[in-house]
Amino acid sequence: MSATSASVTRHDWSLAEVKALFEQPFNDLLFQAQTVHRQHFDPNRVQVSTLLSIKTGACPEDCKYCPQSGHYNTGLDKEKLMEVQKVLEAAAEAKAIGSTRFCMGAAWKHPSAKDMPYVLKMVEGVKAMGLETCMTLGKLDQEQTRALAAAGLDYYNHNLDTSPEFYGNIITTRTYAERLETLSYVREAGMKICSGGILGMGESLDDRAGLLIQLANLPEHPESVPINMLVKVKGTPLAEEQDVDPFDFIRMLAVARIMMPKSHVRLSAGREQMNEQMQALAFFAGANSIFYGEKLLTTANPQADKDMQLFARLGIKPEERQEHADEVHQAAIEQALIEQRDSKLFYNAAV
């Protein structure tokens, strides 16, 4: 497959095709990925986000990789939902150090009706600062997605984690179909999708290919595709898994770039374990988004000044924020605003 033909947006990838991409000689794969990348992005710009945990620990889900799960003893301090003002202060700090997108994550199976008004205030406040907004709150219903869209949420993160075939080995408290359903509700409400997965959980090459097939064969590609490397946390069932081969991780980024040519491919969790050379190779493979700052939910992340020093050495600059939604998403958001006028989600939270 030529680099030119691979840059065409497709939604009909087969397992054989994707495995053939993975099995190319390393240099050929990276050349193809970089060629595709340059057709759609400035190769020397990287989108910069900051992620804040707005509610930490005691999650009822049993994701085997996650230190926030209430099923495992990881020594993580449990915290209630943050006050809106503290979230806004953190967002202001993120903007000051160069982030253009502020992502808020809560350890929930799904947000409760009691918490939704506070969550919506967070979105409105961060949006008012001129930052793009992103949240990950677990499973959503249609009413909740419409409320978030009406509040100004730009992106919703809901990872598929792995292939449908391997998924049951990692989590039993939420089905794959439920994850896909949430993504469909997010899209219907006019928000953009952030969805990816994790390497290093014991999955096979077929599973890695299967994850990318699920993402690329959605009706619309996710605008953001985070590729995580497992951060092994003592107390979780995956704490003793073998390390991911760095070249295998780079291959995953490159294949994601080829299959989803217009998506931002995010170098996400696990970056603390990557040296500068591996990160540079990741950018060459087509990764063009990072989380920036000291913490990534509950695990360490390279410090902001180290990121900027690496950017300077590589001649990379942070991507500027897009100020306007495209017409399709804007129309859907306006419809959500109309439908939201009579929403039952707005109530007196003091009651």
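Residue numbers in this text run from 1 along the chain shown.
The backbone N, Cα and C atoms fix where each Cβ goes, glycine too.
Pulled from Swiss-Prot, these are the features on record:
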DOMAIN    44-262  domain 'Radical SAM core'
BINDING   CYS59, CYS63, CYS66  [4Fe-4S] cluster binding site
BINDING   CYS103, CYS134, CYS194, ARG266  [2Fe-2S] cluster binding site
When each of the binding-site residues CYS59, CYS66, CYS103, CYS194 is scored by other CB atoms within 10 A, the minimum falls on CYS59
Inside 8 A of the center formed by the CB atoms of CYS103, CYS134, CYS194, ARG266, which other residues of the chain have their CB, for the recorded [2Fe-2S] cluster site? SER49, LEU51, ARG101, THR136, TYR155, ASN157, SER224, PRO226, SER289, PHE291
Between CYS103 ([2Fe-2S] cluster binding site) and CYS66 ([4Fe-4S] cluster binding site), the C-alpha gap once rounded to whole angstrom: 18
Can you tell me how far the Cα of CYS66 ([4Fe-4S] cluster binding site) sits from the Cα of CYS134 ([2Fe-2S] cluster binding site), in Å? 20
Cα-Cα, whole number of Å: CYS134 ([2Fe-2S] cluster binding site) versus CYS59 ([4Fe-4S] cluster binding site)? 20
On the 0 to 100 pLDDT scale, where does the domain 'Radical SAM core' (44-262) sit on average? 89
Across all the protein chains here, work out how many other Cβ atoms are within 10 Å of the Cβ of CYS63 ([4Fe-4S] cluster binding site). 23
Are there any residues in the same chain, six or more apart in sequence, whose C-beta is under 8 angstroms from the C-beta of ARG266 ([2Fe-2S] cluster binding site), and if so which? GLN47, SER49, CYS194, GLY196, SER224, VAL225, PRO226, ILE227, ALA287, SER289, ILE290, PHE291
If you draw a 10 Å sphere on the Cβ of CYS134 ([2Fe-2S] cluster binding site), how many other Cβ atoms land inside? 24
